[in-house]
Amino acid sequence: MPKILSVKQLYAADTATVKKNDISFIDLMEHVGTLCFQWIHDRLQGDPITIQIFCGTGNNGGDGLVIARHLKQYGYNVKTHIINCGNDRSEVFLKNYDRLKEIGVWAEMITCESELPAVSENDMVVDAIFGLGLSRKPENLIKKVIEHINGSNAFVLSIDFPSGLYAEKSVTDTVSVVKAYHTLTFQTPKLAFLLPENRYYTKTWEVLDIGLDAEYIYNAKTDNYLLYKQDIKPMYRFREKFSHKGEFGHAVIIGGSYGKMGAVTLSTKAAISIGSGLVTAHIPQCGYQIIQTSVPEIMVEVDAENEMQKFDININATVIGIGVGMGTHIETVKGFTEFLNKNKVPLVLDADALNIISKNKELLKLVPENSVLTPHPKEFERLVGKWKNDYDKLKKLRSLSKKHKIIIVLKGAYSAIAHEGALFFNSTGNPALSTAGSGDVLTGIITGLIAQNYHPFEAAKMGVYLHGKTSELAMKTKVYETFIASDIIDYLSSAIMDLLMKEPKVVPQKEAESKNDKKAKPDEGTEMYI
Ligand SMILES: NC(=O)C1=CN([C@@H]2O[C@H](COP(=O)(O)OP(=O)(O)OC[C@H]3O[C@@H](n4cnc5c(N)ncnc54)[C@H](OP(=O)(O)O)[C@@H]3O)[C@@H](O)[C@H]2O)[C@H](O)CC1
Ligand SMILES: [K+]
């Protein structure tokens with residue numbers, strides 16, 4: 001599972017790599033810079049645009065100088081600038097400065113504002129000012145350079161980090177951070193890229209495997225992980241030939257109120273679609289016909305007329321998903337409180353179940369261990385109060401989950417799943433999921449997975465992953481705006497199939513070119529994993 005390492009661990013990984021792998025730091029930097037150059041070259045293919053490289057005087061700047069040298073040697077139109085960041089110059093920065101001179105290139109020194117080079121919107125900017133080593137907010141000349149880059153409208157590629165963005169704390173001066181289009185970050189994902197407060201600093205990012213010591217990374221302890229397909233795939237359970245619906249559990253969804261029956265419709269439909277053996281909707285009477293007509297595959301139990309009051313479930317439920325569209329009527333609050341007092345079944349709590357708990361936090365003590373809570377940020381704020389910044393929010397997330405031994409899915413662009421003090425960030429999804437009912441579907445998916453005996457932690461990770469994946473797969477025929485919550489359910493099969501497909505083999509470009517005459521089979525790389 002991809003680990004998100006701390007700055008300290010990344011520096012230690014460097015040291016371990018140099019020590020154990022018989023490679024000097026200058027060679028490591030050469031390797032890193034060459035990878036970045038290759039990334040650029042693969043995309044530009046010799047395009048004569050101007051590439052402006054802005055370097056600091058630490059090792060991030062050193063990477064920039066390596067990139068500049070290789071680009072120059074390949075005939076690119078490169079302008080290299082070094083920003084006077086003070087008197088310190090790292091040893092490998094200086095070495096690469098000399099290597100650049102050796103091929104006849106003198107980097108321009110920017111020592112004052114009047115020396116800022118013109119940057120056109122048609123240029124490409126490589127930002128190699130600061131990386132992991134940023135120790136304070138950029139000021140004076142450096143801030144001016146960053147503002148100049150941001151004002152240019154050029155395509156900005158940041159090396160390792162958008163300069164000015166801290167790896168593990170919040171930015172205090174939002175204008176002194178480079179706003180990159182893309183960031184090539186080294187070896188591991190960075191926590192900073194997953195936080196909404198940093199959304200404007202890099203539109204996209206990717207991890208370059210720079211070959212840091214695998215043993216160090218394997219043994220490094222962390223509480224932050226990014227979930228990818230390879231982490232979810234092994235969880236998937238194939239059905240046996242003689243299996244029957246009795247083996248796949250009974251999911252109950254409690255919720256709904258007058259005018260909000262759509263939420264239960266979506267949740268129950270998602271629970272049955274993800275494979276729960278049986279599904280029952282426990283709803284107010286006003287929703288009876290609606291649910292029976294819209295989801296014929298499920299059963300229905302009714303409560304009071306227009307909202308939930310009694311919560312008298314007469315089913316041997318494997319798991320109960322509760323709260324969607326439920327409202328917070330005074331009688332609902334009363335009934336829900338009594339329900340929590342009596343209930344022993346694992347729960348998935350969403351929406352109004354969370355809103356009711358927010359108003360009486362003592363209720364959290366009644367939530368069974370390993371239940372799953374699925375708040376969106378506003379619901380989470382109601383539960384834990386305001387946070388100072390996104391790092392503080394994550395701290396609150398860990399501590400609430402740990403304190404009550406529950407799993408919390410904090411929904412967002414990188415939904416964070418908290419379990420036993422650790423955070424697991426989801427990597428799938430896109431803004432198409434920002435649509436009404438999307439959360440109700442997620443509740444149904446997670447509930448339906450738990451019904452099938454997936455551990456609630458597994459169900460949360462797999463559910464969030466598949467939910468996100470549907471939105472990616474749908475973009476072949478839809479756009480963000482036209483994708484609605486029902487589409488998530490419709491695309492669940494595709495998301496599961498995608499999970500089971502082997503990854504297409506990535507052939508390095510040179511190898512691919514040399515094999516050009518040998519035609520690839522059309523279905524190569526899409527073989528089923530069975
Ligand atoms: N394992 C890897 O990931 C590899 C990373 N590489 C690259 O190295 C950088 C990290 O390099 P480092 O030299 O440690 O740090 P930076 O280049 O980011 O910057 C450090 C220098 O900048 C000064 N600094 C920091 N903040 C400011 C500021 N606001 N204003 C002015 N100057 C600043 C800092 O000064 P101090 O006073 O704090 O000491 C340093 O002089 C990593 O990100 C990768 O790009 C390697 O290429 C290979 C392996
Ligand atoms: K940078």
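Keep in mind that glycine also has a Cβ here, set from the backbone N, Cα and C atoms.
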Same-site residue for AMP (record: TrEMBL; known: Lys411, Gly412, Ala413, Tyr414, Ser415; options: Gly421, Gly437, Gly439):
Gly439
TrEMBL K(+) site partner of Asp127, Ser163, selected from Asn21, Asn59, Asn60:
Asn60
Checking the binding-site residues Asn59, Asn60, Leu132, Ser135, Asp160, Ser415: which ones have Cβ within under 6 Å of ligand 1?
Asn59, Asn60, Leu132, Ser135, Asp160
Compute the C-alpha separation of Ser415 (AMP binding site) from Asn60 (K(+) binding site), stating it in Å without decimals.
30
Scan Asn59, Asp127, Ala413 for binding-site residues whose C-beta lands under 6 Å from an atom of ligand 2 and note them, or write none.
Asp127
May I ask which of the binding-site residues Asn60, Gly412, Gly439 is closest to Leu132 ((6S)-NADPHX binding site) if we compare their C-alpha atoms?
Asn60
Cβ within 8 Å of the K(+) site centroid (Asn60, Asp127, Ser163 excluded): which residues?
Phe54, Cys55, Gly56, Gly61, Gly64, Ala128, Ile129, Phe130, Gly131, Ser158, Ile159, Asp160, Phe161, Pro162, Gly164, Val178
Where does Asp127 (K(+) binding site) sit by DSSP, helix, strand or coil?
strand
